[in-house]
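Quick look at what Swiss-Prot annotates:
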- 110-299: domain 'ATP-grasp' (DOMAIN)
- 136-185: ATP binding site (BINDING)
- D253, E266: Mg(2+) 1 binding site (BINDING)
- E266, N268: Mg(2+) 2 binding site (BINDING)
Amino acid sequence: MDKRALKERLSRVGRVAVLAGGRSAERAVSLKSGAAVHAGLRNLGLLAELVDPADKSVDTLRGFDAAFIALHGRGGEDGVIQGVLEHLEIPYTGSGVMASAIGMDKVRTKQLWKGAGLPTPAFYVAGREEAELGFPVIVKPAHEGSSIGMAKADNTEELGEALVAAEKFDQDVLVEAWVNGPEYTVAVLGDEALPAIRLQTPHVFYDFEAKYQSDSTEYLCPAGLDDADEQALRTLALTAFRVAGCRGWGRVDVMRDEQGQWQLLEVNTVPGMTDHSLVPMAAKATGRDFDVLVGEILLDALERGRG
């Protein structure tokens, strides 16, 4: 949308709370996302204010006309703050309570996708069930984001060590078959799947350091796919997003295995909005600058709130 037209449509919005920080393991990333979103909304002429739920009571939110959620991880991406905002009848960005809770749970998300016949790597939940996946595998805390607590295991000894490390972050730990192949991510904005991004890192996988601290990670957009593969990937991502019940905006992570098949990894209902983040990169490929991106995300929330 043209920035001038967007400003006009947002001109009657009152106070907007930009929720960032929180108490999750992703607090530092959330603060960076919040600062960027806050600046973008102010550039559109909006009365945006940063609110950190770790420092202020939820009563602080009374009197705001809308909320832009930039909280990552527990308490912000799992349906908790969404439930608070529903109770306060404040329109908010992104997915609703249930879809946020599902999206934060890698196991539930994969079960939904599997039930819908969508492709996702074989997996089991450590301590609850076992499956013969062989090696290598990747171990993931079920309710953490930003690749926190994740590790690759090439043998039984490494698997044991990875499980111990992951259990420091989560009592539920996912063990997933390792996929050899390139990793992609597809941002979703409303009903639109944005251009895919291919992620290339010298790390074993796209871990926390590769995401937020490394200068050696490469992001390719266009992703180097032919038109048919690009469209197939975008369609799969949009379908996976909808099957999980998500709305507004988000991101779906996908890999391509050695047989050339797409494999869904996870959905992100509140993706990062830092200078390393992928949604702004995909939006830029469509001609949207950062201010327009955050404005469109907020406008979607307001229009749903009115509906």
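Glycine is no exception: its Cβ is also placed from the backbone N, Cα and C atoms.
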Legend entry - Q171 (ATP binding site) and N268 (Mg(2+) 2 binding site), distance between Cα atoms, whole Å: 20
Inset, instruction - Check the Cα distances from D253 (Mg(2+) 1 binding site) to each of the binding-site residues H143, M150, V164, Q171, T185 and keep only the ones within 10 Å. - result: T185
Inset, instruction - Using C-alpha positions only, work out which of the binding-site residues H143, M150, W178 is nearest to E266 (Mg(2+) 1 binding site). - result: H143
Inset, instruction - State which of the following binding-site residues has the fewest other Cβ atoms within 10 Å around its Cβ: Q171, T185, N268. - result: Q171
Inset, instruction - Drop a 10 Å sphere on every Cβ of the binding-site residues M150, V164 and tell me which sphere holds the fewest other Cβ atoms. - result: V164
Inset, instruction - In three-state terms from DSSP, label W178 (ATP binding site) for me. - result: coil
Inset, instruction - Go through D253, E266, the listed binding-site residues, and name the one with the sparsest Cβ surroundings, counting other Cβ atoms within 10 Å. - result: D253
Inset, instruction - Would you mind pulling the DSSP three-state label for D253 (Mg(2+) 1 binding site)? - result: strand
Inset, instruction - Determine, from DSSP, whether P136 (ATP binding site) sits in helix, strand or coil. - result: coil
Inset, instruction - Restricting to the domain 'ATP-grasp' (110-299), report the mean pLDDT as a whole number. - result: 90
